[in-house]
Number of protein chains: 6
Amino acid sequence: MIRINILLLILAAFLSSSNTHALVSDFCVADLSRSVSPAGYACKKPPLTVNDFVFSNFKAGNTSNFLNAALNPAFVDQFPGINGLGLSAARLDLDAGGVVPIHSHPGASELVIILQGRITVGFISTDNTVYQKTLMKGDIIVIPQGLLHFQLNAGGNRASAVLTFSSTNPVAQLVDVALFGNNLDSGLVARTTFLDLAQVKKLKAVFGGRG
Amino acid sequence: MIRINILLLILAAFLSSSNTHALVSDFCVADLSRSVSPAGYACKKPPLTVNDFVFSNFKAGNTSNFLNAALNPAFVDQFPGINGLGLSAARLDLDAGGVVPIHSHPGASELVIILQGRITVGFISTDNTVYQKTLMKGDIIVIPQGLLHFQLNAGGNRASAVLTFSSTNPVAQLVDVALFGNNLDSGLVARTTFLDLAQVKKLKAVFGGRG
Amino acid sequence: MIRINILLLILAAFLSSSNTHALVSDFCVADLSRSVSPAGYACKKPPLTVNDFVFSNFKAGNTSNFLNAALNPAFVDQFPGINGLGLSAARLDLDAGGVVPIHSHPGASELVIILQGRITVGFISTDNTVYQKTLMKGDIIVIPQGLLHFQLNAGGNRASAVLTFSSTNPVAQLVDVALFGNNLDSGLVARTTFLDLAQVKKLKAVFGGRG
Amino acid sequence: MIRINILLLILAAFLSSSNTHALVSDFCVADLSRSVSPAGYACKKPPLTVNDFVFSNFKAGNTSNFLNAALNPAFVDQFPGINGLGLSAARLDLDAGGVVPIHSHPGASELVIILQGRITVGFISTDNTVYQKTLMKGDIIVIPQGLLHFQLNAGGNRASAVLTFSSTNPVAQLVDVALFGNNLDSGLVARTTFLDLAQVKKLKAVFGGRG
Amino acid sequence: MIRINILLLILAAFLSSSNTHALVSDFCVADLSRSVSPAGYACKKPPLTVNDFVFSNFKAGNTSNFLNAALNPAFVDQFPGINGLGLSAARLDLDAGGVVPIHSHPGASELVIILQGRITVGFISTDNTVYQKTLMKGDIIVIPQGLLHFQLNAGGNRASAVLTFSSTNPVAQLVDVALFGNNLDSGLVARTTFLDLAQVKKLKAVFGGRG
Amino acid sequence: MIRINILLLILAAFLSSSNTHALVSDFCVADLSRSVSPAGYACKKPPLTVNDFVFSNFKAGNTSNFLNAALNPAFVDQFPGINGLGLSAARLDLDAGGVVPIHSHPGASELVIILQGRITVGFISTDNTVYQKTLMKGDIIVIPQGLLHFQLNAGGNRASAVLTFSSTNPVAQLVDVALFGNNLDSGLVARTTFLDLAQVKKLKAVFGGRG
């Protein structure tokens, strides 16, 4: 019995951190209520349980809407356990006719992993080449960081995909929402996009923008 | 018509790279036949097509083996389009009784996204706490970088998962293979693991090790 | 005299690299003709001269065009000395009525430093807030990485700015060019942007797109 | 009208962060009064305005001094909006005879963009090569990270430059100040620089050092 | 005298940070009592002294134990001055027969610098190659990040080494402790390691594990 | 026997890389004869041996010189196995009166680990504070990245230290060599350092500079 205690004591000396500070290198579960820095959220204080590392709502959302689409994110705000670890996920469901409008993720690359159905995915590079393909179960496409891209249900049935990202908070910027869903002046939008003013005003009405 | 040409010319001036060098910042598809640096493979030269960004074999592998398990990686060697983008994926299938032995991924964190069935996933932190849970469809668990972990089929039917990683080549180090599948001297293994020599020799035989 | 030689010899021992390999840590001027990796271009071999670190064409471009605008980049393809150093610059000139259409720089933040005239700069965050202001000489605005933004001459005379970026190749993605300047199918553009098909076709004609 | 509300609701689901935590990935304006970590300052809490991203004092400083020089920094302490974004700027003005003494920026590379006049810029690499040139409007020189360098007005009139850096706080270490402007023992300075003790004491008097 | 004051005033303008915030870029001594983020500990507030940068207990530990080994870490929890600087050290002493069992450092590479005696060091790569050698004074071996490795006294006298790491908190994960020193179910350990259940239970008793 | 082969085959499927490309994530031993990129040297092609990871000349150099000092580097050019791993080491020996003149390591932090004797180490921060202490065996001091520092033998006997760095090639920039050991014009040195011209010329003669 003495042998056990001594041996454990010795081995413990090889474990560099006390329990209090062990989080520094193994992981850093986000404490969403505390301060944020450029590196992410402050770490939750011990004790932790396995549930700090589990996200349990990775299910299809409600697609009964005009986009016939649902996105269910497991980003750091929903899944604090990934804080500081550089990856996240989301589930995408597209009913027949479903679409994810053109958007980008500033600073995050994305894998689209098809689970069922057929999805047309396209991205445009900065030298203005279109990379587009209709994918089905067993296919993955990578969207390099920050590039504009879209997803469309290419079949007659529901299509689903797992999305994974190289960032813990790969917030999307949708072109429509950025242009038409806020208080940007309509004339300014027309000037900086070459869209007709009437088109801008029409979409401002759809997306709830002012000005 | 002249208007079109001039406008394009002007806008083109805002696109900073010539076609030849556009890969520097948008993406860098691996040329597996060329040199490797600490940052990854050298970039494939243009022209590229959408298939450079697509992996089309993300399917269940053959689980008719002693592990009742199959892992199908989409890492940079199988999926050159992810080179330099910091993420990858793999598909895991576990038949009844299936197991992924204890292993780690040096330098990569992992998400285990359950697709079907029930999988027990556990990891051990460096302060020697066990974080373990049986997960089912709709659950995700994160395995922080470099920590020892395992997966077990916890039900009577096939279980499947999408694995994603924060690295383009999250090679696994299996403890069994490292200890018993090479030419490490059996006595040395016993000394550095406290296993009985007979146990070491027995597993050396199973895993094909010498010495 | 002997003293000099010995002293130099000793001090030289503190300079860790031979001349051949000194580039590893001080700098890595791009050899644009050689291989590219995710970390940038391969380094130019010695000897180097000061001109490898100088860009001598940082002047106003020709603004006699429909945008009344000129952008003159000093990115890594024009200025190989910045390879691997994480920053670059460009000069922007806007005549009366000049505009830089809405665009983003995937993965690079930007400073807009006004030299003369008045420029309205705006960016939209992913929570859809517009940050917009008319700036003059003595003002700087920062555009966080990857966000959509625009610049407009807000006065009656020429306006000029120095732009700097947190990347050696901050290639721009212009929304107009991405949507209307390539072979993306017009119907698909309409579906993924909610623009009227007629509007899409009209701008396809302007920006030279097909399909 | 109902259409609008539903559509916005759906699109909003694609924006991953609530307003409260949106700062995690878009930007992180420094709250200078809160804690600092190795990654920078803690983020300012919302609401933010465009002025959080604007610096409005980028003007020539007073050059009526012994250096005939003025440096006006827009670093993170003066310009909190750049926190975490990896770049900053400064304005340099040199009257006739003006000089910026030999210094380095630990960990930051620098671009010197000449606005007017003639400036001689030089840096010394660790293999002890001097890279030096007299620059004028339209020229940029890059100073690789951490290397000793200097700037001198090379003409008879005022010379000005925009400096940009690959860091949000590229604090300078001036050799003179480090050697002669503090309480380093004069004998120790002499021993570690090979300067004559009289020279050390003379400059200690000039730069206000003690010891 | 006036000259001194003016000159200092001018030079001070080139030092970008006020004293209050100077820590942002020079260093960030850990305040172990404050919040932790993925980038490390919050910075200790000034004033600082040289002792904040000094660790004074880098001595041989007590090797009178079953491992005949002692490890004395100078990691961030013992040496707050290294916070954010990406390196640390430890002293290893092995008496005759001493051993450091198989372990890994998630995310840190290691140099083993032999001071005295003879030490056999080995690591196993993920392609299952063993790299092993007996080293003596004047030898260094590098252990690439995250790989399983071990150290053994290969002589009849005390052997000592300086260990250095590419991380401020290179906590070790010992295979024995992870498998046998906690509450992992013995049957589960057997299934995920292929060890005999009796062997598992025997070592559970030695290492104090339960279950 | 069949069991062994099948089991190995299955486990092999979990090892993601073929032998050919296994270097991508485990390690990247420098091939000093091939191309260099900002991330380091290209990787040596297999086969590798343990000697690729061992440096065998970590011994005291010859201190019979004017500095009474010897530095023996194990940087990437001498120790190719550390390429891409972010750390290196050097051995420093100082005889009585020995000195390492004021210098900096652009972009690398340093630990000075005293082995024997007494060494005075000092560094100066950018807010011009001197951090200086005389250290002996059992002491470590950290020199934050890029700051000017020096080492002096503070006793009557030989003093030795292990230096470790957070970079694979922490080349030093010695102030004396940079100012007086090259072809920088003496007048220019005087202007940018405020040293007397006679002092500059005197040290130019000592350090072999021209001009």
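FYI, residue positions are counted from 1 along the chain as it appears here.
Yeah, the Cβs are placed from backbone N, Cα and C, and that goes for glycine too.
TrEMBL lists C:His103, C:His105, C:Glu110, C:His149 with the feature Mn(2+) binding site. As annotated by TrEMBL, oxalate binding site applies to C:His105, C:Glu110. Per TrEMBL, disulfide bond is recorded for C:Cys28-C:Cys43. According to TrEMBL, the feature domain 'Cupin type-1' maps to C:56-201. Among the features that TrEMBL reports, signal peptide is placed at C:1-22.
This view paints the features noted in TrEMBL onto the structure.
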{"residue": "C:Cys28", "record": "disulfide bond", "DSSP class": "coil"}
{"residue": "C:Cys43", "record": "disulfide bond", "DSSP class": "strand"}
{"residue": "C:His103", "record": "Mn(2+) binding site", "DSSP class": "strand"}
{"residue": "C:Glu110", "record": "Mn(2+) binding site", "DSSP class": "strand"}
{"residue": "C:His149", "record": "Mn(2+) binding site", "DSSP class": "strand"}
Quick one: average pLDDT across the domain 'Cupin type-1' (C:56-201), no decimals. 96
Using the CB centroid of C:His103, C:His105, C:Glu110, C:His149 as the Mn(2+) site centre, which other residues of the same chain sit with their CB within 8 A? C:Ser104, C:Ala108, C:Phe123, C:Ile143, C:Leu147, C:Leu148, C:Pro170, C:Ala172
Give me the Cα-Cα distance between C:His103 (Mn(2+) binding site) and C:Cys28 (disulfide bond), rounded to a whole Å. 30
Take the Cβ of C:Cys43 (disulfide bond) and count every other Cβ within 10 Å, whichever protein chain it belongs to. 24
Among the binding-site residues C:His103, C:His105, C:Glu110, C:His149, which ones place their CB within a distance below 8 Å of a chain F CB? none
Measuring Cα to Cα, how many angstrom lie between C:His105 (Mn(2+) binding site) and C:Cys43 (disulfide bond)? 25
Using DSSP, what is the helix/strand/coil residue split across the domain 'Cupin type-1' (C:56-201)? 22 helix, 58 strand, 66 coil
Pop the Cα-Cα gap between C:His149 (Mn(2+) binding site) and C:Cys28 (disulfide bond) into the table, whole Å please. 32
When you measure from the Cβ of C:His105 (Mn(2+) binding site), how many other Cβ atoms are you left with inside 10 Å? 26
Would you count the other C-beta atoms found within 10 angstroms of the C-beta of C:Glu110 (Mn(2+) binding site) for me? 26
Restricting to the chain of C:His149 (Mn(2+) binding site) and a gap of 6 or more, list residues whose Cβ falls under 8 Å of its Cβ, or answer none. C:Ile102, C:His103, C:Ser104, C:Glu110, C:Val121, C:Gly122, C:Phe123, C:Ile124, C:Ile143
Which ones, of the recorded positions C:Cys28, C:Cys43, C:His105, C:Glu110, C:His149, are Cβ-proximal to chain B (under 8 Å)? none
Validating a neighbour-count step here. Other CB atoms within 10 A of the CB of C:His103 (Mn(2+) binding site): how many? 22
Please work out the number of neighbouring Cβ atoms within 10 Å of the Cβ of C:Cys28 (disulfide bond), leaving out its own Cβ. 26
